[in-house]
Amino acid sequence: MPLRFLLLDDNPDDRLLARRELERHFPGCQSTEVGDRAGFDQVADAGFPFDLVITDYQMRWTTGLDVLKLIKAHDPQLSVIMFTATGTQEIAVEAMKHGLDDYVIKSPRHYARLPVAVRTCLDRTEIRSRAIRSETRLASLLENIQVGVFRISLEGEIVEGNRAFWSMLGLASGEFTKAAHHPLIEDVRQHIPELKATLDAADLQLDAGDLDMGGRAFKVKLVRVRVNGHDAVDGIVDDVTSLRRAELENLRLNADLEQRIATRTRQLQEANEALETFGFSVSHDMREPLRTIQGYAN
């Protein structure tokens, strides 16, 4: 899909020069030129379907700063470059505060910088888009996995948790007050001093062990992390109730099997002993007639 640029300038000659620079460095690009309020309103109603906007600062019908604010309010990710000869350093600083991506002076010796600024902005936009997509995928994954994921401050206050986490607590998402007194969270708080004691947060992972609550078993793992310069604790909670039940059932079956084996072994031993007794009796009974016959013979 070709790159789409919006050129906002009430001077047609300046628009032409900008368009030529863009077409020279971005072959196949599509440039939409707007020089009046009606044209601007039209592209605004269309939702600014562009990859990048290049605007003058001083136009008869508006200013580049007003254009910038309107565009960023509609789409904060849409890059805007101010290409002007009438702006000042103060205007540039003010525009940067409102999200301006770059500022290029409109003069013959600066025209060559315009495509460089455009390329830089497009690259930054792509990086931001990838980061947003990755964050969205990660957020979706965390929200839909069956493992509880949560973050708690070193002061013991819950910061956030995914859907599975709140479900394990038996609470609706965001019920922080009720969650603060939940047995699972109280158990987690007991391990925070141990997490605080380490200097290297990245090297510590703490297995908080198993926690039984109302017939359900949970396995909790904690790790100290640093987020935006602040330490916190990330936790993973896994409902291992089914696993524990399976383990108990396996232990029961093994115990039953061992009991059966012991009973069968005892029965075999008793049978062997009875067989030996029987064999001795038969042998004795057979020897008596032989002795009698031998006596007569003698």
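Cβ from N, Cα, C; glycine included.
Curation does not apply to TrEMBL; its annotations are automatic.
Annotation source TrEMBL lists domain 'Response regulatory' at 4-121.
The annotation domain 'PAS' is assigned in TrEMBL to 134-176. Within its own chain, the domain 'PAS' (134-176) is flanked in space by residues 182, 184-185, 188-189, 192, 195-196, 218, 225, 227, 230-239, which lie at least six positions past its ends and keep a Cβ under 8 Å from the stretch.
The 4-aspartylphosphate annotation in TrEMBL covers Asp56. Taking the Cβ of Asp56 (4-aspartylphosphate) as centre and 10 Å as the limit, one finds 25 other Cβ atoms among all the protein chains shown.
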